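Record features, source TrEMBL:
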{"type": "REGION", "residues": "B:1-23", "note": "region 'Disordered'"}
{"type": "TRANSMEM", "residues": "B:32-58", "note": "transmembrane segment"}
{"type": "TRANSMEM", "residues": "B:78-105", "note": "transmembrane segment"}
{"type": "DOMAIN", "residues": "B:79-264", "note": "domain 'ABC transmembrane type-1'"}
{"type": "TRANSMEM", "residues": "B:117-138", "note": "transmembrane segment"}
{"type": "TRANSMEM", "residues": "B:144-164", "note": "transmembrane segment"}
{"type": "TRANSMEM", "residues": "B:201-225", "note": "transmembrane segment"}
{"type": "TRANSMEM", "residues": "B:245-269", "note": "transmembrane segment"}
{"type": "TRANSMEM", "residues": "B:290-316", "note": "transmembrane segment"}
{"type": "DOMAIN", "residues": "B:348-542", "note": "domain 'ABC transmembrane type-1'"}
{"type": "TRANSMEM", "residues": "B:358-376", "note": "transmembrane segment"}
{"type": "TRANSMEM", "residues": "B:388-408", "note": "transmembrane segment"}
{"type": "TRANSMEM", "residues": "B:420-442", "note": "transmembrane segment"}
{"type": "TRANSMEM", "residues": "B:471-489", "note": "transmembrane segment"}
{"type": "TRANSMEM", "residues": "B:523-542", "note": "transmembrane segment"}
Amino acid sequence: MRSVLGSRETTAVPENRREPDDGLRLEELTVRYGGTTALSGVDLHVPRGEVLAVLGPSGCGKTTLLRSVAGLERPSGGRIAFDGVELSGVPVHRRGFGMVFQDGQLFGHRDVAGNVDFALRMRSVGRRERRETVARLLELVGLAGYQDRRVTELSGGQAQRVALARALAAEPRLLLLDEPLSGLDRILRERLAVDLARVLDRNRMTGVLVTHDHDEAFTLADRIAVLAAGRIEQLDTPWRLWHRPATEEVARFLGCGIVLSGLADEETIRCELGTLPRPPDCPVGTVRIGLRSAGLRAAPAREGTPVGRSRAVVRERVHRHDHVRLTVTLPDAPGFDWLEAVTSLDDVPHVDDEVTLTLEPNGTALIVDS
Amino acid sequence: MTAGEAPANGTAKNKAGADGTAVSGPRPRGHAVFITVGAALVLGFLGVFFAWPVVAILRLGLGSGLGAVLTAPETWRIVAFTLGQAAASTVLAIVAGMPLAYLLARVPVPGKALLRALITVPFVLPTLVVGMAFRALLGTAEPNAWAIVLANAFFNVAVVARTVSGLWTQLDPRATDAARSLGAGPLRAFRTVTLPALRPALWSAAAVVFLFCSTSFGVVLVLGGGRYRTLETEIYLRTVRLLDLSGAAALSLLQFAAVLAALAVAAFARGRRENVLALRRSRAALRRPIGGEWVPVGCAVVVLGALAAPIVALLVRSVNARGGWSLAGYRALSGTGGVLDVSGWQAAWNSLRTATDATWMSLLLGVLACLVLTSLRSRWAAELMDAALMLPLGVSAVTVGFGYLVTLHVLPGDLRTSPLLVPFAQALVITPLVIRTILPVLRSVDRRVRAAAATLGAGPWRIRREVDLPLAGRAVVTAAGFGFVVALGEFGATGFLARPEAPTLPVAISTLLSRPGELNTQMAYAACALLMLVTACAVLVIETLRSDSSGEF
Amino acid sequence: MRRSTARRTRATLAVAVTLLVAGCSLMGTGRDSQAPTVTLVTHDSFVISDELRKRFQQESGYRLRILRKGDAGELTNELVLTKDAPIGDVAFGVDSTYLSRAVDNGVFASYRPEGAGHIPIEYGHGANDSPTPVDAGDVCVNIDLRWFEQHDLEPPAELADLAEPRYAGLFAVPDPATSSPGLAFLLNTVSTFGEQGWQNYWRELLDNDVRISSGWQQAYKQDFSGSSGGGSRPIVLSYASSPAAEVGRNGQPRTKALLDTCYRQIEYAGVIDGATNPKGARELMDFLLSWKFQRRMPEQMYVYPVLMGVELPESWQGVAPRPSDPTEMRPERVERDRAEWIRQWRSLTNR
């Protein structure tokens, strides 16, 4: 299942730069519940200072992975180590890992300050120092002055910020984030994602983020592991994952609704819907092209279709915030069902108009077979 | 929708749901030691004060006569009636208790603490008194099975109302609102949303009530008039009056089997459904009923009236004598002499002292048991221990009481004659109630909250102290109050224990009732009134404590 | 600000409750007295005034501890069960219905208290010197005098009368299986009508709509019209002493015991074999059979003292005299057939 590209990229960090005691390391991690296998043989390495996102659909085992690292779950096999120290016998509260849960999981019986200074109290930090730290952390997450609020009075976004501050208060050597933004509405999510990214960056946090939302992963992570059915499908930088998914499954998970076969020559990659320039890392030969919704650009048909462009008829039209999304059919290529294409706001075709389609390199991904 | 209802991701959700443990990863060694020691303490108490005496008295009887009892058709008629009346009483108690639970959980009633106190009062009344009150109110001097069911329900409505309203208060009302907005009528919304969520509490209450009713003694004796007999009255007859230990042992074994079967049914029905609930109390939960919601309120008022009727009758009796109205009973109660060797106040004080001891003992045991039960990783071990702790509710008080006689002298200090034996025996009965009150709350605490605490550096102990205890705080106080009330009412095994000195109020009442003379009768009813007053005050104090320490879910 | 007040209230209340708990606990009580203890095991009806108890404690130097256990039947059975490890030094309240069981099982040690010589021969004391009779409680049929006056009906005189149609629906009796006086009444019928006749008599009573309830409390306090409960039945099974408690404000008795329907139950006391304080036990026995204790028994326990020369209280003399010729039954016979009679009675009455 695992593609060559994926495997190659897993070892993208040169061997000589690896230090044995550097950051989090999972080896052959396997977790089974009775008959079901939640994780099978996962290898991962998160160097210090890096944030790794584990991306995958619901039920792929990503929460189990996070809980295993936190020590909330007992692995059936494999090894978890941090800075070279094996963790199998270390209980949760001694691991020094912070965790931000999906929906905060704040302590309802404590106020905001009581939540944030929990970890400090666990370490018997003095009262004054606690107060200072809480104030600093709340400021960091944009909630200065919220100390005495009851957590039940907070909005979702505020609760999540408190949860983050609470986790940071423990000064964790590793921060685990379990879908930290998924319970929030879109605008809040985007703003908090940026804030979170800044906090992680500023503190040079080592982190593992688990999410099903690639936006979240792309915003926050240095590298991303795609997990499916308990296995790692691909581990890569966000750019490579987006543009060079290792398998069709990964491509589809990352929004490529259509996967086409293409042929790459020295200059271009050609496929049924048009041509693309060949990027240097793409080998000559057959490739597959994943098409996202922004992968086809439509323009009103003028006299004569230029070479390399397909003709299409507009069937539906939806205005989005900065573009117009069309649904089109291809009269010349009955093999295709309805396709999606985007067009700019200034020259919008009408339904039943004829348009020409161009492939948009930024909206496509290349799946390079071995 | 709310915090706890959002589906947890991954397979982890399907696991460990029932056992409520937060952490199934590695644990510090100290914690394992704690679980072992805690389990040993709880089971040790159960062993010494329950299993050992019961087994000892059964062994005295077993051997001969077992077959004769088991093959007698008479025996099976008694078994059938025992289970039948208990089941009917349980159903009635639930039907009558639900509107009250609704009233307590959802309707803004002024003076709710007072209402709670009123609902709890029936629970402490001596069964003899209630039996006689029902006999008079229903005008049934002849044996009457329905009167038994009614009286049993009367006692146990409080169990249902308290248990169910506890959980109901904490349910997020928005789930019902959502169902209503999707087109469900109020009844349908209740059936499809509220009822399933209340199931753990309902089954809990049903199990407790069933056990109480199947071992109900005084009521069956008074209202059954010898014609309607249960395993409990028959075991009493054989043990206490005939010293037919072998017959009693055979019946006790039957009772055991019936109780175990009932517990198994309850456990099965409860299943793994003790789900994570959104423990959230919002002020919006309390609101004036509208439209059809007045129906349950109306039902609650009717039930309250029915609960109040025997109580009012008792109060009237305490001031009404043949010669007209008089406070002679109360006056006599405050003096000594006559057939009581203490005054009513002293008896009330004795009651308070015994109940206090029983309460702290059962709280200690119950909380310990809850901690162990929620720490056990094996669901079966937890179920078994849970069931074992419930058993004392369903086993004859006579068997336990007589069992003490033939065993406890072996221990140093001869507990058989110690004033502490009564609270010990009461603790045995109250502990399962404490567990039933606290455990559902602990189990419904989102385990990820505990996980969060663990990742913040709290060890298992700290999690217990910092998370579980505050969240279950209300439940602990509720349990304490309930246990205290049970102890005040002298439930269970205490009826057959030696009572050194100091009569408690229920004992004083029974002594007074067993003497001829108008004044004695009036004093007995006045003592009942005093008992109710003490109970109501205790409940009020506890309610105050509870709402103060409520925190917020 | 408001929250801190609430917290303070809560803390105060918690402290108060803790103090109350600490103050309430029975822990550490009962061991305060250094004096050696003598333990009396008895039934729930035993009453001793503070004054008498203090007197005994002063005179003997022992602290008196009282354990109460149910009724005579329960008491006896518990004494039998604990005979190898007794729970007390003296037992009071085993009655003639259960005497044989206690004696046969060797519950009592031999001791003849000082007062024993003053117990009249009618209490059957002589062959056995232990246990010793201490009081008699005669179980008799009681009637509501006013009811009979108002209905212009001749009251019944003896047991046989109760089966007559004119007394139909008037009699209330407690269940022999679950009540002590009920059992005494059953024994009375056996004794009066013989092994052959008693079942017939009960059939007649049933035909005559006798009301059977499980306890004396229901029969006397609820069904009987002469007591404060104001029931509908003017004839009830109770004690010879009961009328003493039912004297109206005008000093006139409201009820009367039919002295020809009585069955004598004698209560016994004795030193328990294996008592930890046998010396104290003997002193307590002497006390129980002393004039000063016996004299107080009627008013405290509604029983007749056994000691010769102890007079009944003035209030008893007219309304609750001692029955002169009550029925009795030998304890050995009761012990032998009691269970069988109860069984027969239950099947007879379909209970």
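Yeah, the Cβs are placed from backbone N, Cα and C, and that goes for glycine too.
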Close approaches to the transmembrane segment (B:32-58) from elsewhere in its chain (Cβ under 8 angstroms; 6 or more beyond its ends): 245, 249, 252-253, 365, 368-369, 371-372, 375-376, 385, 388-389, 391-392, 395, 399-400, 402-404, 406-408, 411, 424-425, 427-428, 460-461
When counting Cβ pairs under 8 Å to the transmembrane segment (B:420-442), the leader among B:117-138, B:144-164, B:245-269, B:290-316, B:471-489: B:471-489
Intrachain residues whose Cβ lies under 8 Å of the transmembrane segment (B:117-138), provided they are six or more past its termini: 100, 104, 144, 147, 150-151, 154-159, 161-162, 216-219, 221-223, 304, 307-311, 313-314, 481-482, 485-486, 488-490, 506, 509-510, 513, 524-525, 528, 531-532, 535-536, 539-540, 543
Stretch of maximal Cβ-Cβ contact with the transmembrane segment (B:358-376) [cut-off: under 8 Å; candidates B:144-164, B:201-225, B:245-269, B:388-408, B:471-489]: B:471-489
Non-local residues, at least 6 beyond the ends, that sit with Cβ under 8 Å of the transmembrane segment (B:245-269): 54, 57-58, 60-66, 68-70, 75, 78-79, 82-83, 203, 206-207, 210-211, 214-215, 231-232, 234-235, 238-239, 383, 386-387, 390-391, 393-396, 398-399
Positions on the same chain near the transmembrane segment (B:201-225), where near means CB under 8 A and six or more residues out: 82-83, 85-87, 89-90, 93-94, 97, 126-128, 130-132, 134-135, 140, 142-145, 147-148, 151-152, 155-156, 159-160, 163-164, 166-168, 195, 231-233, 236, 255, 258-259, 262-263, 266, 269-270, 390, 393-397, 432-433, 436, 440, 491-492, 495
